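S.K.: For reference, the structure I am asking about is given below.
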Amino acid sequence: MMNGVEKTNGEDLATEEQLITPWTVSVASGYTLLRDPRHNKGLAFTVDERDAHYLRGLLPPALMTQELQEKKLMHNLRQYEVPLQRYMAMMDLQERNERLFYKLLIDNVEELLPVVYTPTVGEACQKYGTIFRRPQGLYISLKEKGKILEVLKNWPESNIQVIVVTDGERILGLGDLGCQGMGIPVGKLSLYTALGGLRPSACLPVTIDVGTNNEKLLNDEFYIGLRQRRATGQEYAELLEEFMTAVKKNYGEKVLVQFEDFANHNAFELLEKYSPTHLVFNDDIQGTASVVLAGLLAALKLVGGALADHRFLFLGAGEAGTGIAELIALEISKQTKAPLEETRKKIWLVDSKGLIVSSRKESLQHFKKPWAHDHEPVKGLLDAVKAIKPTVLIGSSGVGKTFTKEVVEAMTSINEKPLILALSNPTSQSECTAEEAYTWSKGRAIFASGSPFDPVEYNRKVFVPGQANNAYIFPGFGLGLIMSGAIRVHDDMLLAASEALAAQVKQENFDKGLIYPPFSNIRNISANIAAKVAAKAYELGLASRLPRPKDLVKYAESCMYSPVYRSYR
């Protein structure tokens, strides 16, 4: 593993003061140095560096600090009216000057997160063919069958620690975007670096292209992927098996493979199939669950009681819904020592056909079966709220405007402080807006959402909606796995991550009705999550990095990538 302790070519915090040599294949100088995003500093090259690296005349004479460059770029970004233009400007910067891109993202995380990630990344994926300039990441299609190991060897970096992979079938709430889903792994990995401190060179975005069932894309002359319907069944399973085998062979046992935006049926199967043999993590199932559980644990300080005292109702029984439900049941079971079969009974799910009840068991998909409890059939969400009388309502349906005024009012008549989480992304798919939740509940709801909403004023009081964003969890979670050299993911690590995040919420956040800490402090939050996850890996005997570092939080911080410019010999 490469971090503050070993050779990293000056990428982490521990090496900020060291002189480094700008190696590519040979020492980069002159024109090639300016064209190499990892070493390019633009006008921040000093006079001595310009002399030593043959840059005289290739740059205007002015000298700029990184801070001044940052100020100029933020000024430029704020001039753009259209979020997609900001996204494209950020991607251009990433290809031109890597350190400046990450410095910008880390220092302005609250402003730029919605640009490089949800909601803007969704629009970018929809238009990826049109805005496509330079390929990012690895594209592995059915044409590469039998050659995936060779394709991995074409990637210029050999020390890969995290792979984020998608097959583009269920991008956010936008559906099948095929090969254009690449925006998601690219965006996720830039957050791994900015928020979790993983080195950019250790991150590999991958899109597996097995075709698309999206007619619009199949008929689009600018579509960048395979023009065929999606491969399924054995053909699909074989391609993924080859990919997973090649990854382990090429990068070793400890490379983290994060599955992202796969369709429900594949997501559960892949996680189940590869969890015993690989270090795998599904952000839609496990990351979402962990961040929502953290919000619920924090919210208990506002609504009172223990987790076991609450009743939960979900709208949406896909990856996110069942993943969250299972983690809540696990946490209650851990706290009360009651068996999982018992604790699941506090949690009810509504899908497109109504409340999931035992009389429907025969026709249910396997991942919904544990949630079929005894109750007479109930059709819609409103009737389910009235029948179950939940204290917590969670939306993970991918369908917007489903938490209607009647639903929110029903929740408010049952509870003094109803807890309402509208998790679907992007903003257009959110079950309700922050304004609707606060207005319809007369300011009594505790609300958080998947996509960001602005603060809301109601009755002369300002409510700040929290964002249940997976970006709170996965960067720190991944860092914890990597710095401990973990070889498998265990559910207890997810619970540890949730508890660590909930512990970061301060009293002043609660006073504003927030159940998540502010993003401005995200690197510190990630270091604390990483430390708890690593501690759990050591405790479970799943860590391979020995001896165990004494202070895990300090160690996590020293491993983090630092985007500050280095001085060149």
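For all residues, glycine too, the Cβ spot is worked out from N, Cα and C.
TrEMBL entries are annotated by machine, without manual review.
Worth saying up front: this structure is predicted, and the values here are computed from it rather than measured.
So TrEMBL lists these for the protein:
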ACT_SITE  Tyr117  active site, proton donor
ACT_SITE  Lys188  active site, proton acceptor
BINDING   Arg170, Asn425, Asn469  (S)-malate binding site
BINDING   Glu260, Asp261, Asp284  divalent metal cation binding site
DOMAIN    94-275  domain 'Malic enzyme N-terminal'
DOMAIN    285-538  domain 'Malic enzyme NAD-binding'
S.K.: Which ones, of the recorded positions Tyr117, Glu260, Asp261, Asp284, Asn469, have a Cα no more than 10 Å from the Cα of Lys188 (active site, proton acceptor)?
M.R.: Tyr117, Glu260
S.K.: If the divalent metal cation site is taken as the center of the Cβ atoms of Glu260, Asp261, Asp284, which further residues of that chain fall within 8 Å of it by their Cβ?
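M.R.: Neighbours within 8 Å of the Cβ centroid, excluding Glu260, Asp261, Asp284: Thr166, Arg170, Ile171, Ile184, Phe259, Phe262, Ala267, Asn282, Asp283, Glu319.
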S.K.: I'd like to know which of the binding-site residues Asn425, Asn469 has the most other Cβ atoms within 10 Å of its Cβ.
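M.R.: The residue with the densest Cβ neighbourhood is Asn469.
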S.K.: State the Cα to Cα distance, in Å, between Asn469 ((S)-malate binding site) and Glu260 (divalent metal cation binding site), rounded to an integer.
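M.R.: Counting only the Cα atoms, the answer is 14 Å.
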S.K.: Work through the recorded positions one by one (Tyr117, Glu260, Asp261, Asp284) and name whichever has its CA nearest to the CA of Arg170 ((S)-malate binding site).
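M.R.: Result: the closest of the recorded positions to Arg170 ((S)-malate binding site) is Asp261.
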S.K.: Return the single residue from the recorded positions list (Arg170, Lys188) that has the minimum number of other CB atoms within 10 Å.
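M.R.: So among Arg170, Lys188, the recorded positions given, the one with the fewest Cβ atoms within 10 Å is Arg170.
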S.K.: Any same-chain residues 6+ apart from Glu260 (divalent metal cation binding site) with CB under 8 Å of its CB? Would you list them in sequence order, or say none?
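M.R.: When sequence neighbours closer than 6 are ignored, Glu260 (divalent metal cation binding site) has Val164, Val165, Thr166, Ile184, Pro185, Lys188, Asn282, Asp283, Asp284 within Cβ distance under 8 Å.
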S.K.: Near Asp261 (divalent metal cation binding site), which residues of its chain come within a Cβ-Cβ distance under 8 Å, counting only those 6 or more away in sequence?
M.R.: Thr166, Asp167, Gly168, Glu169, Arg170, Ile171, Leu172, Gly181, Ile184, Asp284
S.K.: Among the recorded positions Tyr117, Asp284, which residue has its Cβ surrounded by the fewest other Cβ atoms within 10 Å?
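M.R.: Least crowded of the recorded positions Tyr117, Asp284, by Cβ count within 10 Å, is Asp284.
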S.K.: So what's the average pLDDT for the domain 'Malic enzyme N-terminal' (94-275)?
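M.R.: Summarising the domain 'Malic enzyme N-terminal' (94-275) by its mean pLDDT gives 96.
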S.K.: Fill in the CA-CA distance, Tyr117 (active site, proton donor) to Asn425 ((S)-malate binding site), as an integer in Å.
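M.R.: It is 11 Å, counting Cα to Cα.
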S.K.: Mind computing the max CA-CA distance among Arg170, Asn425, Asn469, which the record assigns to (S)-malate binding, rounded to whole Å?
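M.R.: Pairwise Cα check on Arg170, Asn425, Asn469 gives a maximum of 18 Å.
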